[in-house]
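Q: My questions all concern the structure below.
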Amino acid sequence: MEQQRTEATESLLVRQGNDNLVYNEEDSGVGVGDGGSVAVSDVTTILGLSIFVAACIAFGSGCALGYSSPTQSSIMEDLGLSVAEFSFFGSILSIGSLLGAAISGKITDLLGRKMTPWLLDLGRLSLGFTIGNFTYLMPIYISEITTKNVRGRFSAIPALTLGWGISFMYVIGSFVSWRTLALIATIPGLLQLLPLFFIPESPRWLAKVGRDEEIEEVLLCLRGNKAHIFNEAAEIKDFVESLKSFSKEGMLNIFQKKYVRQLLTVAGMIILMNLGGVNAFAFYSGVIFASAGLSSMVGLITLAATQTIVGIAGILVIDKLGRRPLLLVSTAVLCFSSFLTGLSFFLKEFNLWDQGSPVLALIGLLMYTGSTIVGAGIPSLLLSELFPINVKGSAGSICNFMGSFTGWVVAYYFNFLREWSSTGTFFIFSAFCCANFILSATMVPETKGRTLEEIQASVSHSSV
């Protein structure tokens, strides 16, 4: 059994040097000249539709995340809420996310990547429950249906549209009431309903549950009707079968020695990202601007523009530069921008630079927001790439549950921390971002340009 595992792993590793391992005409015996097949397309209509559904879910999640920022003062005034009551309202999204994250991996394993969005729409036990599932589902689904050449950039699209959703709430919330804004936020969920009927299931999930006869049909749908997909289908089937032969499914399997490094790395990045203040900046940007002496409307609209520009730039370069460089740059800038924001509050508190401190706060917030758009989705992308399909559900549930819990802690206690010391709060965020940079620099591998099977075979091979 160990020999079978090693042979399967080494077979995949040998093929890592091939830039087009699924297009080799000699292997297939069928070439373009035979009229039988053509080169695989990285982008097809069905793939684009699948990404659109993911983008709609991400946009809706962004609307939920950004809702509390422009509405805090009006909701507290209209309903007579205290700081503690509004903090609970803002953070309850993360409580729902805890529930969604805890079961997201197993639900996605049972229902498949395509069916889980129906659960997100139909259930919507809370918006947080939806976000908890989405955080795991979207990177997994996108990484499993795309080719290695575009996996990074397509996986980055939900992070961009999530940012757009937050920005949309920021901007529209400056002009409409909080009740109207809540109704507007339902639109993305409606937009994704019809396309859900047409998007395909993940071919790797089909292999996992034994529906092998559907794999080639789905790959043809994703790569083009005349594409040569037989080698890719065989590689997926062979790798999944090799996993089944030496490893059984189970929650505790994720704690095997060969998965510990990946689990600690991904979980650590997600936890430190949340403790670095992501939810605080997303939920309470308007309050932060006002506290720094800036116009909330001007600040939030500027944030929206920054998220768009930086997000598009990140999509264009992630498959060229790789995950690791972008993650290192992102965490470094998060550290510096949190420190800069804290410094602005320090200067304001002691009246050391009254005119310049709001500018520092604006620069810090813009840098933080831009870096979040670029780097926040990379840990989830690595989660989808580093873990084989037999333990991916368990890894996703554990990592996202821990991330959601720390996100709730920050979202709930941020207003109290700000009342204690705005300066100290942002310096604490900066320290956690610095820790995330160190973790990323020492533990995160590069995964660009390789298929999921190649990445996971390499991880398994290193533990043999």
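Quick reminder: no glycine exception, Cβ is built from N, Cα and C everywhere.
Sharing the features that TrEMBL gives for it:
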| type | residues | note |
| --- | --- | --- |
| DOMAIN | 1-448 | domain 'Major facilitator superfamily (MFS) profile' |
| TRANSMEM | 46-67 | transmembrane segment |
| TRANSMEM | 79-103 | transmembrane segment |
| TRANSMEM | 154-172 | transmembrane segment |
| TRANSMEM | 178-199 | transmembrane segment |
| TRANSMEM | 263-284 | transmembrane segment |
| TRANSMEM | 296-318 | transmembrane segment |
| TRANSMEM | 325-347 | transmembrane segment |
| TRANSMEM | 359-383 | transmembrane segment |
| TRANSMEM | 395-414 | transmembrane segment |
| TRANSMEM | 426-444 | transmembrane segment |
Q: Between the stretches 46-67, 178-199, 263-284, 325-347, which wins on the count of C-beta pairs under 8 angstroms to the transmembrane segment (154-172)?
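A: Looking only at 46-67, 178-199, 263-284, 325-347, the most contacts with the transmembrane segment (154-172) come from 46-67.
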Q: Quickly jot the same-chain residues contacting the transmembrane segment (359-383) by Cβ under 8 Å, restricted to those at least six beyond its ends, or write none.
A: 135-136, 138-140, 143, 152, 155-156, 158-160, 163, 265-266, 269-270, 273, 277-278, 281, 285, 288-289, 292-294, 299, 302-303, 306-307, 309-311, 313-314, 323, 326-327, 329-331, 333-334, 336-341, 343-345, 347, 392, 395-396, 399, 426, 444, 447
Q: Out of 178-199, 263-284, 296-318, 325-347, 426-444, what stretch is closest in contact terms to the transmembrane segment (46-67), meaning most Cβ pairs under 8 angstroms?
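A: If we count Cβ pairs closer than 8 Å to the transmembrane segment (46-67), 178-199 scores highest.
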Q: For the domain 'Major facilitator superfamily (MFS) profile' (1-448), what's the mean pLDDT in this predicted model?
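A: Here the mean pLDDT over the domain 'Major facilitator superfamily (MFS) profile' (1-448) amounts to 78.
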Q: For the transmembrane segment (325-347), which stretch among 263-284, 296-318, 426-444 has the most Cβ pairs under 8 A?
A: 426-444
Q: May I ask for the residues of the chain that lie six or more residues beyond the transmembrane segment (263-284) and have a Cβ under 8 Å from a Cβ within it?
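A: Residues packing against the transmembrane segment (263-284) from afar: 65-66, 68-69, 72, 90-91, 94, 166, 254-255, 327, 334-335, 338, 365, 368-369, 372, 375-376, 378-380, 382-383, 386, 395, 398-400, 402-403, 406-411, 414-415, 418, 425-426, 429-430, 432-433, 435-436, 439-440, 443-444.
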